[in-house]
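Asks: Just lifted these from TrEMBL, have a look:
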- 6-205: domain 'CobB/CobQ-like glutamine amidotransferase' (DOMAIN)
- CYS96: active site, nucleophile (ACT_SITE)
- ARG130: substrate binding site (BINDING)
- HIS198: active site (ACT_SITE)
Amino acid sequence: MGHRLTIGWLYSDLMNIYGDRGNIQTLIQRARWRGLEVRVLELGKGASEGIETVDVFFFGGGQDKEQELVYDDLLETKAIHLANAMQRGAAFLAVCGGYQLLGHYYQTAQGERLPGIGLLDVRTVAGGKRCIGDVVIESDAELGLQPRTLVGFENHSGRTYLGDGVRPLGRVRRGNGNNGEDGSEGAVSGNIFGTYLHGSLLPKNPHLTDLILSRALNRELEPLDDSLELAAHNWIKDRELSGSRRA
Ligand code: GLN
């Protein structure tokens, strides 16, 4: 049983907004708390050395202009390696702009269609009004998360529509989610998790962090004392669901 975790951080310099680097720190720390040695591989434009050793990829958010800067490299130097990684069971967490580019395409507000790498059967088209605010979702029962809820913050113009090849990460209880129409948020296919939840997401959702780590390592993880993290999680959930916060 390996005692090492390798995290592949895609475009850490360009796709890293609204505190998304907090997800990297959370993955590192929760792996270390289990006695694992952790290595972070920053996979910027043109970089693919060591990508075959990655256990879990993180692909953060970015504005349209950053997405326009990275999509060609994603297609030309990363796509084949990421497809191989998916085949060998690596885990992925992709947030917002990163999530969109793991799909078939992201069409910007100017109508430019940026091709994605199609690891997730989703399509995204930028809408008029931005979706901005706190989000609470009820995670898909198949994921077995306890608590069922996930909390985060969204800020996107993209409207993402799910194809048959994915299940939603969850259903929206507060916020817009994928498109503000069908009540879905995020997408899951195998060990690939896409979501609009910034925040950053993982610090206040330790149960999702452990699910991703467990899939990446292909093993159960011993439980930790998550009372502090879940107190933060519940504070936001209760505030948002009680409607005590005026929009
Ligand atoms: N540019 C994309 C959008 O506006 C993604 C934004 C983000 O990553 N927060 O939908």
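Backbone N, Cα and C define each Cβ position, glycine as well.
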Asks: Would you mind ranking the recorded positions ARG130, HIS198 by how many other Cβ atoms sit within 10 Å of each Cβ and giving me the lowest?
Replies: ARG130
Asks: What mean pLDDT does the predicted model reach across the domain 'CobB/CobQ-like glutamine amidotransferase' (6-205)?
Replies: 97
Asks: Look up the residue listed as 'active site, nucleophile' in the DSSP assignment and report helix, strand or coil.
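Replies: DSSP assigns the residue listed as 'active site, nucleophile' to coil.
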Asks: Could you list the residues of the same chain, at least six apart in sequence, whose Cβ is under 8 A from the Cβ of the residue listed as 'active site, nucleophile'?
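Replies: When sequence neighbours closer than 6 are ignored, the residue listed as 'active site, nucleophile' has ILE17, TYR18, GLY60, GLY61, GLY62, GLU154, ASN155, HIS156, GLY158, THR195, TYR196, HIS198 within Cβ distance under 8 Å.
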